[in-house]
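Feature annotations, courtesy of TrEMBL:
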ACT_SITE  A:323  active site, proton acceptor
ACT_SITE  A:324  active site, proton acceptor
BINDING   A:125, A:187, A:210  NAD(+) binding site
BINDING   A:234, A:256, A:259, A:324, A:357, A:411, A:416  substrate binding site
BINDING   A:256, A:259, A:357, A:416  Zn(2+) binding site
């Protein structure tokens with residue numbers, strides 16, 4: 001990994017720039033797919049399943065029997081591991097969720113409160129392909145379960161035999177999801193946007209995907225469907241000092257690098273010795289990985305920046321706004337407290353990102369590509385709307401009404417004033 | 001207002017359809033404006049101020065002296081009213097905000113927590129024009145103050161003399177905002193998106209505006225800047241029964257109708273007698289309004305739907321997903337509890353929407369045009385990012401690591417597993 005030593009501040013922006021995302025050729029393909037799903041509904045989905053997944057599907061909805069069978073295909077150890085993750089994720093997400101906020105009497109007789117109401121219909125997209133992302137099912141289905149959405153729909157592509165990955169089905173079933181459809185890619189997003197004979201249109205779509213899925217979600221958003229957050233390639237930034245174990249640091253960088261050739265990993269350190277030791281470890285560990293070629297490519301685009309101090313590393317990290325931030329330094333907790341911008345933070349030598357990716361309890365659906373500046377990771381909040389309520393008694397209206405009359409008049413909005421005045425008048429007459 | 005009695009369910013979608021929004025001619029104009037601001041910075045803003053606001057500006061930033069002078073131009077009664085509103089809004093928003101969530105030990109040695117961190121730079125847009133929206137300053141600047149954003153920028157257009165409305169400046173100043181710029185319309189949004197010599201680029205843009213501002217915000221979002229929510233014309237839905245006072249109901253409908261000719265108001269009731277009495281009141285009250293012509297036009301596009309029962313009204317209201325919902329019935333609180341979809345709910349005879357628009361304590365920046373299905377109104381949450389943290393001790397890693405190894409292997413992600421394995425190995429060697 002390229003080492004840059006003590007760069008000038010003026011180079012910061014250039015050094016921290018993310019690789020440009022390629023979007024060519026996606027646009028037309030996605031627009032065509034959406035149009036076909038909108039026009040032909042289920043028939044278009046059958047045709048796309050045959051074209052893209054080589055699968056001849058009889059029906060789109062996964063049957064109860066298929067879900068039961070899937071369970072028999074998941075190993076007992078994996079089931080226990082998934083259940084452990086489920087419990088941790090449930091516990092943490094439930095603790096971070098507020099359903100009923102305190103009732104506040106802002107003035108005598110004027111009471112306001114706020115409640116979280118579940119979004120009526122949500123759609124979860126789980127990609128297929130090389131890595132069956134059952135972990136993403138946990139990260140989306142658990143908050144949906146806590147939120148209590150009336151209808152939760154899951155779409156995922158099948159293999160050539162028309163089966164969705166059994167671990168995906170098993171995980172969905174333990175999260176209480178029963179409405180699962182065989183549909184992948186942009187066509188699945190289109191189905192959840194416009195609805196088909198089988199698949200309902202939903203209010204909000206969640207989940208990762210390739211460039212086609214990402215573009216389809218953007219277009220869904222323009223149709224009034226909400227989405228979890230804008231997407232980009234995954235990334236990690238590690239802050240490490242001379243006491244950090246280079247074996248751990250290299251392993252963490254590679255765990256991110258294996259996601260895809262466009263993944264970005266950045267190491268910030270105050271120690272050139274560590275930087276070099278990490279490079280040595282990268283060479284050693286890379287050779288053993290099954291996804292070596294992918295990781296190698298990602299590492300090529302990545303860099304180590306050596307800075308004067310850990311405080312400087314914090315500043316550079318904030319400027320980068322990393323999705324994942326691993327702090328592998330002395331007093332890592334204090335360093336974490338200084339961070340202002342990140343998606344999720346992993347503190348200390350033993351807290352590798354993989355823990356959070358799967359099972360620590362936090363969510364792995366996080367803002368990447370700089371979006372940690374202005375978006376939050378997925379939580380139960382993502383599955384609810386916060387609705388406000390207010391109730392005035394006659395006394396409340398007497399206390400607050402005159403102020404509202406003055407302000408409405410000053411904004412030139414007579415009828416706003418009048419809605420108060422007719423009520424105050426009635427109260428007066430009544431008394 | 002047109003009365004539709006006991007329509008069939010099959011007509012629901014058509015009856016509740018919102019008027020199409022016109023977008024013609026905006027696209028090119030906005031793209032050109034953005035391009036000019038991007039290229040010419042402040043100079044473009046000066047030119048647009050002259051073109052659109054007929055103002056020759058010397059500098060863009062409002063001076064401390066201008067803010068002080070503005071204060072002398074606001075009447076003492078209006079100041080007191082604004083301060084009352086400030087206190088209520090502050091109190092309620094603070095009570096609904098959680099900065100530090102509980103620290104959860106999901107497994108022995110595995111600790112997770114979440115914090116709200118303020119977005120670094122936010123921009124507030126306050127329109128000028130016929131109604132000086134100082135109330136919107138309160139609704140955006142108070143949550144920003146509670147969130148503690150490092151930099152809060154406010155843009156608003158001036159009159160022909162180069163002055164921003166004094167009530168807007170006064171309100172901004174009591175909210176602690178000192179960085180105020182004379183810029184309006186799409187050009188202000190472009191400035192906060194790309195930055196100019198005077199105005200910084202921000203991470204998130206808030207605030208209402210006309211079709212040009214709305215489109216500029218959409219384009220800003222495509223550049224990676226977050227926005228508060230998608231925009232649409234304001235709307236109210238009133239559920240009222242035979243005991244409701246038709247004078248109040250008509251006043252509430254008109255308060256919404258005066259916003260603009262494209263505002264929509266809907267009355268749902270189980271009483272044809274009330275529907276007719278409200279129509280009579282609309283005629284009487286309309287004649288006295290200063291914004292009569294606007295309100296008349298909006299009322300033309302609006303309708304009363306008479307349904308069998310208040311429970312039916314609740315179902316129709318949920319299908320409409322109103323921005324503002326006024327419940328003017330017996331046991332209005334119970335009716336409110338049945339509602340699943342709305343932006344903000346006003347309960348009972350004395351709780352007119354104007355109270356919430358100005359001063360009850362809730363926020364008036366709400367999802368409209370059906371977005372109440374999948375977006376929440378502005379709150380302090382809108383001004384922060386929720387960041388998750390996790391820390392594993394060696395014991396925590398021993399407890400959770402093996403499950404993560406199994407899951408990473410099942411997803412085919414070796415390097416993810418390896419990040420755990422190298423650590424577990426070291427712990428073993430050490431013991």
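Here, residue 1 is simply the first one shown, and the rest follow in order.
Including glycine, each Cβ sits where the backbone N, Cα and C put it.
Chain B comes within the C-beta cut-off of under 8 angstroms for the following of the recorded positions A:210, A:323, A:411, A:416: A:411, A:416. DSSP assigns residue A:416 (substrate binding site) to a helical segment in the three-state reduction. Working note on the recorded positions A:323, A:411: by count of other C-beta atoms within 10 Å of each C-beta, A:323 ranks first. Between the binding-site residues A:125, A:210, A:234, A:256, A:357, A:256 has the most other Cβ atoms inside 10 Å of its own Cβ, all protein chains included.
Other residues of the same chain near the NAD(+) site, with their Cβ within 8 Å of the Cβ centroid of A:125, A:187, A:210, are A:127, A:155, A:157, A:184, A:185, A:186, A:188, A:189, A:209, A:212, A:213, A:216. Across the fold, the C-alpha of residue A:125 (NAD(+) binding site) and the C-alpha of residue A:324 (active site, proton acceptor) stand 22 Å from each other. In this structure, the CA atom of residue A:323 (active site, proton acceptor) is 45 Å away from the CA atom of residue A:416 (substrate binding site). Taking the recorded positions A:259, A:324, A:416 in turn and counting surrounding C-beta atoms within 10 angstroms, the largest count is reached at A:416. Classification of residue A:324 (active site, proton acceptor) by DSSP places it within a strand. Distance between Cα atoms for residue A:256 (substrate binding site) and residue A:187 (NAD(+) binding site): 28 Å, as a whole number.
In the three-state DSSP scheme, residue A:259 (substrate binding site) falls into the coil class. Residue A:187 (NAD(+) binding site) sits 24 Å from residue A:259 (substrate binding site), counting Cα to Cα. Residue A:416 (substrate binding site) sits 48 Å from residue A:324 (active site, proton acceptor), taking the C-alpha atoms as the reference points.
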